[in-house]
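Record features (TrEMBL):
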| type | residues | note |
| --- | --- | --- |
| TRANSMEM | 40-61 | transmembrane segment |
| REGION | 433-453 | region 'Disordered' |
| DOMAIN | 498-763 | domain 'Peptidase S8/S53' |
| ACT_SITE | D507 | active site, charge relay system |
| ACT_SITE | H543 | active site, charge relay system |
| ACT_SITE | S715 | active site, charge relay system |
| TRANSMEM | 815-835 | transmembrane segment |
| REGION | 838-862 | region 'Disordered' |
Amino acid sequence: MATKKDLQEAVGFSRRRLLTAFTSGAPGGKELEPAKPLRAVIAGIGIAAAVVVAGLFYGFLRPGLPEGWQQNSLIVLKDTGGRFVAVDGTLYPVINTASARLLIESSEFRLVMTDQATISGVPVGPTIGIVGAPDDLPAVGSLQGDGWTACPAPDGTAVGIAASPLAEASDGGVVVELNDEDYVVAGDRRFAVPASARDAVLRAVGLDEARPLPVDGRWLNLFAPGDELAPLDVPDAGDEVPGTSLIVGQVVHPDGTPDDRRFLVTSDGRLAPLGELAYQLYLLGAGAVLGPAVSVSPAQLAALPTADAPAGGDWPSGTLAPLEGTACALLQHDDTGDPTTVLAAAAAAPAVALDADGVRLQPSTGALVRGGGVGSDSQGVVTIVDATGTAFPVPGADEEVLARLGYLPEHVSRVTDRWLQFLPSGPELTVAAAGSTPDTGERVVEPPSDEPTPSALAVDGRTAAADECTPGVVAFQAGTPTPLTQLQLSAASALATGQGVLVAVVDSGIDAANPQLAGAVVGGVDLVGDGTDPHGFTDVKGHGTAVAGIIAARPVEGSGIVGVAPQAELLSVRVFRGDDDRSVEAGFGPDTAKVTAGIRWAVAHGADVINLSLSQPVDDPELAAAVREAVAAGVVLVASGGNRDTAVVTTDGLRYPAAYPDVLGVAAAGLDGRVTETSIHGPQVDVSAPGADVWSTAPGAGNCQFTNATDPSSSYATGYATGAVALLRERFPEETPAQLEYRLMVSAARADPDTRDDRDGWGFIQPFEALTVLPDAGLRGPAAPEGVGAPALTPAGVELAPDAGVPPIRITRELAIGIASLSLVVVGAIVVIALGRRRPEPQPPPRTGGGLFPSTTPDPEA
């Protein structure tokens, strides 16, 4: 039995044996070389780099939500394609990109790419957005606001929006036909050709062999109207010019000048230059009696002044060559940015293939334009044209709204509404609609910033000085009132001034002593019976005098105020003294019976137009009968659609007499051309007109401000619309009330050419456009009344193809894969190089003994 000493020695032996095993060399006495430390370092670096790259790659493909994602973020899920707008930490599914961008402040917009798993647990709200809004907005570099073309085709009109116009401007001319009437189109004008002298006129023009081209009324409306191409007649032709041997209507040729240098002697003794075309038409008119041009010495003409305008007005200066190629309309802009449309020629007919959707065009880009009428102060709506050719109106598009969509104000080009008639309309792009649910229209998302509103575009209205509205003190406002600029009155007044039109103002009377109404008020009646002037030439309240000045104020030195129809004449039909309690209690307030009597009196005394700046919520049989009688007599009635702050019943709904058939109902628009809540909304609203920052004539004074910039009134808006009707009545005396009203409605500026609403009606009136539009049933908008030509051609749509490119998400994914692949190749190369640097060492035969425990195999060297 082993003793304790034996056990201690055994333990000591085992300890020495273990130490020897750790420190002894290889069998055969060869020492082991220590491993090279660089190998492990390189391998470790390679493995660490691979882990880091793999982590980055995984994080790139599946990132988490970044700091601040809770607000102003558009979050897109890569694995499902879902889109969300983050507002106050809640994710709202959004239908399209345009809706999302409208809801996010331009300075804070961020795009977050993630996946479904990452947003798990984040609150999700209801789906929001504008159904039908575009996903892909045109890039700034692809916007084309110039060079649009519209070419008549057998089944419609081919419209092109491209960087390079499809046609070039032409000096030739073309004969076109619309509703069995012929027109000559040359330059930027269309010229009507009377049927009675058609062949002779076309021979004179040089287009007698041209076959008329059937066109769409929308296409012909792209060109400005010119004077009718007809035989040139001269008033008082044959009379002698006092103090000379010349006669009125004679054409003279000064000796020693070129053969084509001719002048027409006018009835006021002036010499009007006569171009070649005008001379040919003269020979068909006055020249048929007075003969051709006669040569005279310059001395005989020395005392005669030169006329301000050439004979023939805006006719082409010479005969026209037939247009070579396919006739097209070409959109151009002058140095100020104002749009104009000219005749152009395409080398070949546009390659179009009609389908159920309309016309397909060559691939093109998009556009950002403001529609409307002529001039830079147009009240038209900003419109985005996307790659499909659809026009998306953006009402209230101020600088911030444009920035949210990725644009600046200088990116907006101007076009006339007539070009937008060809484009299919998409939904309105507004911040309110973007934050609402598409099914119920309930607004569930309010952006954190102040939302742009129409009032943000307005400036504070001017306040009348103390003496400007004081009876007995005549003071004038020198500046041009904003409403006249909104209406682009200078362009309209070149075509009509209301001359020969009699307008009845059924109101509180007219102060005929106002300097700007002197000579304008030619008659009237007082139906109030309060013992004042029996002709209605007094106005206690001042309402009627203000309306009268809006319609027909004469220009006077020192005043920038002028009526819309400054040569129209007025009838004062006084039906109330005031609407205050005292007047009403005395029986001198407005009532239906007096208004009805006033309408009948105006009709009986020859009124062409009746202004009714008043309304009531009750339908009255006698009032309705008086309106029918007036319309049957050819009188146009213009009435207020209702004013909320002066009405007894302030809820929206029908107001009379505006709601009666063939009465033009008017709402008041603010400085941005949009109707505000101060007007009553309802089916009675046909159009809107200026109602803010109104300056007009005042009783016993000069001018006064009646509304400020933020509080428009439908009473005064009605006056502006009445003035516009007076212009139309002068220019188109043969048209019915329905036809005149149609002109104002179809030419009004609105977001969607096809749509009317109870707030703005058919839109903001544009007198110049109404004066120049060719009424045609093919125009988009209100139904054409009886007597307006039927549409000649099928309406055409537009389909545009976007520029080719690789989607940004695809580019990002492919870039990530490329980076990861390159990283793995580099890591692999490092490992291979490290392994290649190792040198294999000779290996000794395997040991059969040693180790931790004694071997059972005898050691051969033992």
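Each residue, glycine too, has its Cβ placed from N, Cα and C.
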Do you know offhand how many angstrom separate D507 (active site, charge relay system) and H543 (active site, charge relay system) by C-alpha?
7
Secondary-structure category, per DSSP, in which D507 (active site, charge relay system) falls:
strand
Could you state the CA-to-CA distance between S715 (active site, charge relay system) and H543 (active site, charge relay system) to the nearest Å?
9
Taking 10 A as the limit, how many CB atoms besides its own sit near the CB of D507 (active site, charge relay system)?
29
Could you tell me the mean pLDDT the prediction assigns to the domain 'Peptidase S8/S53' (498-763)?
94
Within 10 Å of each Cβ, count the other Cβ atoms and name the one among the active-site residues H543, S715 with the highest count.
S715
